[in-house]
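Here's what TrEMBL has on this protein:
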TRANSMEM  50-74  transmembrane segment
TRANSMEM  107-127  transmembrane segment
TRANSMEM  147-164  transmembrane segment
TRANSMEM  198-217  transmembrane segment
TRANSMEM  223-243  transmembrane segment
TRANSMEM  320-341  transmembrane segment
TRANSMEM  361-381  transmembrane segment
TRANSMEM  402-422  transmembrane segment
TRANSMEM  485-510  transmembrane segment
TRANSMEM  530-548  transmembrane segment
Amino acid sequence: MSDLAAAETPLLDDSVKGCLDFKGRPVHRSNSGGWTSASFIIAVEVAERFAYYGISSNLITYLTGTLGLSTAAAAAQVNAWSGVATLLPLLGAFLADSFLGRYRTIILTSLVYILGLGLLTLSATLPSVTTSGAPNADNVTLNTSSMLQYQVILFFFSLYLVAFGQGGHKPCVQAFGADQFDAEHPVECKAKSSFFNWWYFSIAGGILLTLLILNYIQENLSWVLGFAIPAIVMAVGLLVFVLGTITYRFSVKGDEESPFVRIGRVFILAIRNRKIASAIATEESFKQFKFLDKALLAPDSTMEQGKVCSMREVEEAKAVLRLAPIWATCLIYAVVFAQTSTLFTKQGATMDRSITRGIEIPAATLQCFISFSILLFIPIYDRIVVPLARAFTGKPGGITMLQRIGTGIAVSAIAMVIAALVEMKRLQTAREHGLVDKPNVTVPMRVWWLVPQYSLCGLSDVLAIVGLQEFYYDQMPNELRSIGIALYLSILGVGSFLSSFLISVIETVTGKDGRDSWFADILNRAHLDYFYWLLAALSALGLALYVYSARSYIYARRSTS
């Protein structure tokens, strides 16, 4: 009998608590989840990032060239779209966590994503500013004004449809991937921390392919083909994701009410009971946000059923509220993050990008140095830095998540200092060669001068972006982890809007009385260096505020970081 019990023990240990398969049956560790399932999920994310950066990385070039927008207007449009694309995940995560579930949300929004990419491809087939007034094959002059207006409407409708699709896809796919690892299992717990590193490593590879191949196709062959390829890749990625369905672990939702309702009730009762004093508020709770402890009290100071919140519900509300200062102090970092696909690209477009005679690197392809940095530094960080740090600290991640994020913010500030110095050198070179009023002449300064600022931005991403992903997933209540990923994305979204607002204000103030603004269309008359110095100073201020907030942060009890 004891032998039989011993034989059955591995089977019992093999089950994964709180998870079912796609048919609603209990799952076993040996044939579900882990890296096998994560591989299918990573595949669809690589496809999505390939598609997203296939649009975003060269969007400013399409807007200023094909659609004829000014540099400042195009930068503002790119930042606005990026902001919407990274704020919509809050809506997508809410729908997933409250109604649809992550798996269904990924599939439905991926289909919307593919539709948007298809319509974007269609818009690129219409006449543009660059072909305005040109005769067609039958030598009949096209009336392009109305066609151009239709193209612009269709283009931006398609662009924001892509943003909507991304809004549901992005927060769910990463949370669903992390769900494939059991945080209660010692081996899978370490694998989950490593998952966030290799997740970002994989998508950096997808982005690199975009920058090396797709940007060249868009600028040298066809924008139609350059928009069609992302649509095809996204469709293939969705197919791969569906093929992995039989291996996935699906988290079981209990019969409890929505976490949004629970957390909302805590705030409502805390406000309602704000004038009531009781020892409960000081004896049974965290030191932070003590005003929420009022939700533990009934209006008549009794624990009457249905009129009080449990300690767990109060702790959930505090866990969410504690994230707010970290969120706010990372916004300046997000403003810096927004520059790599806008002003950095315009900066590089004026420089000598030739490899050999007749072959030039597309300006947007310079962003590949960020991906190269990510591909280089993530293995070093995961395989060398983390084990060494773990040996000293005993923490699964080597250092805490907040320490990792703070280091990334500091690196981004250094990147802005380097960017400002390089831009000063570029402007000086333009003046020395009499190119200030010759925007179509290449400044005789090799584009490799931009490599340090791009590389530092990549290192900053490895530390701050990956750290934020893990932090907001780990510190949210279990039922709200899609919202956690969406909150991290919303930092980048609001940062894009702040960047757009900052550029618009500076453009207005510095361009008064007919003067050249910091973002003049003739970039040799502009002063991007001033803007970079401003961002460096703001980054230093943001880092100081972040350190202050991080030092007082209390981790959720389940975290070992």
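Cβ coordinates are placed from backbone N, Cα and C, and glycine is handled just like the others.
Nobody curates TrEMBL annotations by hand; they come from automatic prediction.
In this chain, the transmembrane segment (402-422) lies in contact with the transmembrane segment (320-341); the count of Cβ pairs under 8 Å, excluding pairs fewer than 6 apart in sequence, is at least 3. Between the transmembrane segment (223-243) and the transmembrane segment (198-217) there are at least 3 Cβ pairs closer than 8 Å, counting only pairs 6 or more residues apart in sequence, which means the two stretches are in contact. Across 107-127, 198-217, 361-381, 402-422, 485-510, the stretch most heavily in contact with the transmembrane segment (530-548), judged by Cβ pairs under 8 Å, is 402-422. Between the transmembrane segment (485-510) and the stretches 50-74, 147-164, 361-381, the greatest number of Cβ pairs separated by less than 8 Å involves 50-74. Between the transmembrane segment (50-74) and the stretches 107-127, 147-164, 198-217, 361-381, 402-422, it is 198-217 that has the most C-beta pairs under 8 angstroms.
Among 107-127, 147-164, 361-381, 361-381 has the largest number of CB pairs under 8 A with the transmembrane segment (198-217). Listed as Cβ neighbours of the transmembrane segment (147-164) (distance under 8 Å, sequence separation of 6 or more from its ends, same chain) are residues 51-52, 55, 67, 81, 84-85, 88, 109, 112-113, 115-117, 119-120, 122-124, 126-129, 132.
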